Amino acid sequence: MRYREIILSIPKEIAENFTSFLDEVGVVGYYEILFDREVPRAPDEEIISDDTKFRVYLAEEDKENETKILIFLKATAGESFFLESRWIETKEYEEAYKEFYKPFIIGSYRVIPTWEKDTALGTTPEGIFPLLVNPGLAFGTGHHETTRLVLGRMGDLNLSAKRIADVGTGSGILSLAAAKSGASLILAIDVDPNSVRSASFNRDENEISSEVLVVEEGGFDHKKIQEQTWDLLIANITFAVLKANIQKIASIKTDHFLFSGVITERKEEFLELLKNTVGGEGVFFREDTGWELIEWKRKG
């Protein structure tokens, strides 16, 4: 089987809308190319480019979506984007993202691609939790700023014996981190069946019990999410999805939230939504190249 690989470079300010568009039209998969190095960017280090790079994959029989993508970019970015495409075989598709995905440390965790575990596990520093991850078609390599922000904060929190809900789990990377940090129960859910399969695979790769890390399909209205009580809710999801589900978020039985996936331009609007609908206040904030981490508590 063949796939159509579309290589893109687009203005960063339209990246969130672009991913929402891809989710809406339905593509085989996509991922965002960001950092590819062991050491995170220093606070005063120059950002080389304001563009965001994507690779998008279409099924061989998909005759429409490449044109739709081009029309979307013309309408939103004008001439300020680069696009090229090619046919690739299944094996190339499965291997493509590995070129850009290497082990790296963020906070208390070292993210290790599953295909590098034989060499990388032995070099992980003492006191650092290794997270074996194969993202497959799911979001969550750990390279994206939003995932880095959440991992960095999770390392500062006491998660031992906590009950944690991870909505929009993607590859399951944040749930893996919670399990390695001693959480007693993690419910990882995602509306994308590919993510459910990916998170389940990564759980097993890390030898985490399915009784500790439960992976299921669903969203904020998932029965277990709504009916059970949680010590922490993690949602690394775009602002548009968070806004659309704010009432469901407010009804979840937890007083502690970690949100990421919100761009700086939408931060104040999201904080106002939280204040008016969820109640409580922000207790910790961190920004990374235009993406925001918001830790929110209903009780001060």
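Just so you know, glycine gets a Cβ as well, placed from its N, Cα and C.
It should be emphasised that the depicted structure is a prediction, and the values quoted were computed from it without experimental measurement.
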Which of Gly127, Gly168, Gly182 shares the S-adenosyl-L-methionine site with Thr147, Asp190, Asn236 per Swiss-Prot?
-> Gly168
DSSP output for Gly168 (S-adenosyl-L-methionine binding site) maps to coil
Run through the Cβ atoms and count how many others sit within 10 Å of the one on Gly168 (S-adenosyl-L-methionine binding site).
-> 24
